[in-house]
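*Asks:* So TrEMBL lists the following for this protein:
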- Gly17, Asp79, Asp80: Ca(2+) 1 binding site (BINDING)
- Asp39: Ca(2+) 2 binding site (BINDING)
- His368, His373, His551, Ile674: Fe cation binding site (BINDING)
- 2-118: domain 'PLAT' (DOMAIN)
- 118-674: domain 'Lipoxygenase' (DOMAIN)
- Trp103: site 'Essential for stabilizing binding to COTL1' (SITE)
Amino acid sequence: MPSYTVTVATGSQWFAGTDDYIYLSLVGSTGCSEKHLLDKAFYNDFERGAVDSYDVTVDEELGEIQLVKIEKRKYWLHDDWYLKYITLKTPLGDYIEFPCYRWITGEGEIILRDGRAKLARDDQIHILKQHRRKELETRQKQYRWVEWNPGFPLSIDAKCHKDLPRDIQFDSEKGVDFVLNYSKAMENLFINRFMHMFQSSWSDFADFEKIFVKISNTISERVMNHWQEDLMFGYQFLNGCNPVLIRQCTKLPEKLPVTTRMVECSLERQLPLEEEVKQGNIFIVDFELLDGIDANKTDPCTMQFLAAPICLLYKNLANKIVPIAIQLNQVPGDENPIFLPSDAKYDWLLAKIWVRSSDFHMHQTITHLLRTHLVSEVFGIAMYRHLPAVHPIFKLLVAHVRFTIAINTKAREQLICEYGLFDKANATGGGGHVQMVQRAMQELTYSSLCFPEAIKARGMDSTENIPYYFYRDDGLLVWEAIKEFTAEVVGIYYESDQVVAEDQELQDFLKDVYVYGMRGRKTSGFPKSIKTREKLSEYLTVVIFTASAQHAAVNFGQYDWCSWIPNAPPTMRAPPPKAKGVVTIEQIVETLPDRGRSCWHLGAVWALSQFQENELFLGMYPEEHFIEKPVKEAMARFRKNLETIVSVIAERNKKKKLPYYYLSPDRIPNSVAI
């Protein structure tokens, strides 16, 4: 009688093992086996991290093995089990791999195909076609779209983390409990546990050190010491937390009536302002999106305020970017003066603080929340709904949506919900952040997620004209490495453009992203379908880059750049000044966040800047969804390219007082998971 050796690998995460009964059946081209109980006498099977082997003898020849069916039946209590993979040694000595990497819950079952990636057109056998169809039918019932707020990208239909399908939940919910993490942050930062209740003002800037001193690092300490300087202010638009707003100014906007006479003391080339514009030396950051957004009113004891500044910047003779004019609201007028470096010290300082505060709001809600978290969730849901586990694009993308839907669900549950943690310290809490996302959705385009196009659209692509833009330089290196990798994978499975165009599962995935993620907006430029291998490679690069590199660039520097609160105030407690020559140091301190909000803010930026436990970084694919040699070789080349980029960035940073490392691949997690 034919005998097979079955090897079963159990996951190593918490609670992955099981004491339940595990049965296995083999489905071959000429027959099906009976159910076999996988059990060794006097042995604890399927423990966490275990790899167990069993001999399975069948009554008759099964032919070519097509499917493996695993059933879990209750032993005592319901006991979830995480199955990594099964390998099968056939009577002829051949090995077949069946990747799984899924949970089997309750009295459940899973039917697995071998690990070779297949497009739908490759499946000619009825049982395999049926398996493919049933998997997607099941997933589409589990992964349902829902509108969390009007105008938002649609999200997963789950009110809380435990409502999610088990396969996309965090291994341990405690690790991503925002309330718990904020409390832990306060302890780790040695913040007085009661200080967050105080709404009194700080005495002066030095007073902020009372909560800062225990957490200083190379960058945050430098920010504390130099935050008032124009050079530090300008540098952050290039390489800080939010390096995506600055653009080259090709024409001075009418709503910012700045003249050469106003700024001539800042123009080192002794040229008229218009000529500086023509030569590409003037840059602008416009916070127009904040105009008219409602400020937080959830605390009746504290008035909070927002502004919508316009900031003009200049590239000086040292090729450094410095601010030369700031208008704190959009409509020019006597009560909306243009603040200048030549103004009184505290006038200019408060104007810069308002810009830094506005930049913080744009960063948190648009750059970070919308353009990495929410967009990546859309890709993830569409992937689960339309790409079966055997599809090569599923195998490629699954590592890059790991825990993304879970972290977003947790955020909607605790962080950005009504009366959530976001409301405690942020001036855009209480609904302002919702208004911002609704507005920004109208400007969210496919090309703005294509990194090289986005850089070029802002006129920031010239390394000669703007030499110290490390976000651009490192981002382009990572983008090209990802694109080269995706092009290789696409080339392995799609031998022609026609195969791409005829892959209905792929086209359904793209259509879901367009219809539900981008809400069917033609102006978004998101493709409803893709007809060529080149365009498919670019699209996959957008998905992976957004989830990994772009998120890393705008997330993990929050502690560095925002922990010194005057450099990134989450709220302002007085309106923008309407005149010059009246600002005092006391007024500035009264305007900055109180003690309580400062503590909440500090806890937030610390918690959000931490890597997950057992973080997987770009190029790491420990779950072997792909088994084919050509893809494994492509992965090895990808890792080698990324290692080269790590070396290039490390070499550059050796000479820098302010190193830029957020886009070093060894610090880029695979997915949005924090």
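Keep in mind that glycine also has a Cβ here, set from the backbone N, Cα and C atoms.
Heads up, TrEMBL stuff is auto-annotated, nobody curated it.
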*Asks:* Reported as an integer number of Å, what is the Cα distance between His373 (Fe cation binding site) and Trp103 (site 'Essential for stabilizing binding to COTL1')?
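*Replies:* Checking the Cα atoms of His373 (Fe cation binding site) and Trp103 (site 'Essential for stabilizing binding to COTL1') gives a distance of 24 Å.
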*Asks:* Residues other than Gly17, Asp79, Asp80 within 8 Å, Cβ to Cβ centroid, of the Ca(2+) 1 site?
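*Replies:* So the additional residues around the site are Phe15, Ala16, Thr18, Asp19, Asp20, Phe46, Trp81, Tyr82.
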*Asks:* Taking only the recorded positions Asp79, Trp103, Ile674, which one has a CA atom nearest to the CA atom of Asp39 (Ca(2+) 2 binding site)?
*Replies:* Asp79
*Asks:* Report, as a single number, how many Cβ atoms besides its own are within 10 Å of the Cβ of Ile674 (Fe cation binding site).
*Replies:* 20
*Asks:* Could you put numbers on the helix, strand and coil content of the domain 'PLAT' (2-118), residue by residue per DSSP?
*Replies:* 0 helix, 59 strand, 58 coil
*Asks:* With every protein chain in view, what's the tally of Cβ atoms within 10 Å of the Cβ of Trp103 (site 'Essential for stabilizing binding to COTL1'), excluding that atom itself?
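*Replies:* Around the Cβ of Trp103 (site 'Essential for stabilizing binding to COTL1'), 20 other Cβ atoms lie within 10 Å.
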*Asks:* Closest to Asp79 (Ca(2+) 1 binding site): which of the recorded positions Trp103, His368, His551, Ile674, going by Cα position?
*Replies:* Trp103
*Asks:* Nearest to His368 (Fe cation binding site) by Cα distance: which of the recorded positions Gly17, Asp80, Trp103 is it?
*Replies:* Trp103
*Asks:* Other than His368, His373, His551, Ile674, which residues of the chain come within 8 Å of the Fe cation site, judged by Cβ distance to the Cβ centroid of those residues?
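*Replies:* My list of surrounding residues reads Leu369, Thr372, Ile407, Val554, Asn555, Leu608, Val672.
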*Asks:* If one looks at the chain holding His551 (Fe cation binding site), which residues at least 6 apart in sequence have a CB under 8 angstroms from its CB?
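*Replies:* Listed in sequence order, they are His368, Thr372, His373, Ser376, Pro669, Val672.
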*Asks:* Taking just the CA atoms, what is the gap between Trp103 (site 'Essential for stabilizing binding to COTL1') and Asp80 (Ca(2+) 1 binding site) in Å?
*Replies:* 7
*Asks:* Any idea what the model's mean pLDDT is for the domain 'PLAT' (2-118)?
*Replies:* 95
